[in-house]
Amino acid sequence: MTPVALDIAIHLAKIALIFFVVLTLAAYLVFAERRILAWIQDRKGPNRVGPFGLLQPLADLIKLLTKEDFRPAGADKWLFYLAPAMAAIPAILTFAVIPFGAPLTLFGREVPLQVADLNVGLLFFLALSSIAVYGVALGGWASNSKYALLGSIRGLAQLISYELSMGLSLVPTVMLAGSLRLSDIVAAQEGIWFIVYQPLAFVIFLISIAAECKRIPFDIPEAEGELVAGFHTEYSGMRFGLFFVGEYINIIVLGGLATTFFLGGWHGPWLPPFVWFSAKTLAFAFFFIWMRGTLPRLRYDQLMHLGWKVLTPLALVNILVTGWILMLR
């Protein structure tokens, strides 16, 4: 096999592995959430399909595939069908720039456990997170439903508001690492994780990604008591499943990014690097599930106040303080 063919084969293998692992994790994250919420609420949860209910994600997939693909009268056909894909695909693509382990040596060459080591990896992530907003907007607009439209308007306002604080909270990590490349940011945390230097940025980022995931207490776009199911009210079958899976993939991806920027990525003692990265990422996923089971929903005005009058000003002040400290060094 020629070197070029070998490089292509290695890249395709990494893409296939990430695609399989992320989709499997998303499916079982749904199962884990149902079991954890059941434990919080003092009940059993799904335990009938397979041993300990472990085949429940497969049963859910079969149910979604066999549901009727319903489209409301008056809906914009092509935008209605495009929206679920635009919500799910950017989340998967973001994983391309996340380093999930130390480089391996295969066939006499060093292979990074990362699909694309871009020198603008942070900008790539921010760009894809902006594209995902269009899935929410198109899903509500194309459905010809007042509930869906109101949900998409709320979703747009929320995502745009918290993308700003999320992006600003990452600027100090770039200042400390001196690079936008995610592998360089991980390498800069080999001794001390950035959460030690930037606890405020970490808290701002954590709150912002919870809002980006549209999870309780930030599930304003999908508020069941007000908007039925928000921007995906009119979706059924696998198209609803794409919105659903996209949400859980987003949880995994944003947990991986929080690990990369603040918790040292795959760095850690004793255990293999990939195990460390996975454990940290799944800890964030558990945190999101715990929030859903224990916190109430914010009002819309409280949501906007927190984003624009608290998190964004704090992130700007943190950037100024970090720059001032770096100048004095």
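The backbone N, Cα and C atoms fix where each Cβ goes, and this holds for glycine too.
The transmembrane segment annotation in Swiss-Prot covers 12-32, 78-98, 120-140, 159-179, 191-211, 242-262, 270-290, 308-328.
Contact counts against the transmembrane segment (159-179), taken as Cβ pairs under 8 Å, peak for 191-211 among the stretches 78-98, 120-140, 191-211, 242-262, 308-328. Panel annotation: around the transmembrane segment (78-98), residues 15, 18-19, 22, 71, 114-118, 121, 124-125, 128-129, 131-132, 134-136, 138-139, 141-143, 182, 232, 234-235, 239-240, 242-243, 245-246, 249-250, 253, 256-257, 260 of the same chain, lying at least six beyond its termini, place a Cβ under 8 Å from a Cβ of the stretch.
Below 8 A, the CB atoms of the transmembrane segment (308-328) and the transmembrane segment (191-211) form 3+ pairs separated by six or more positions in the chain.
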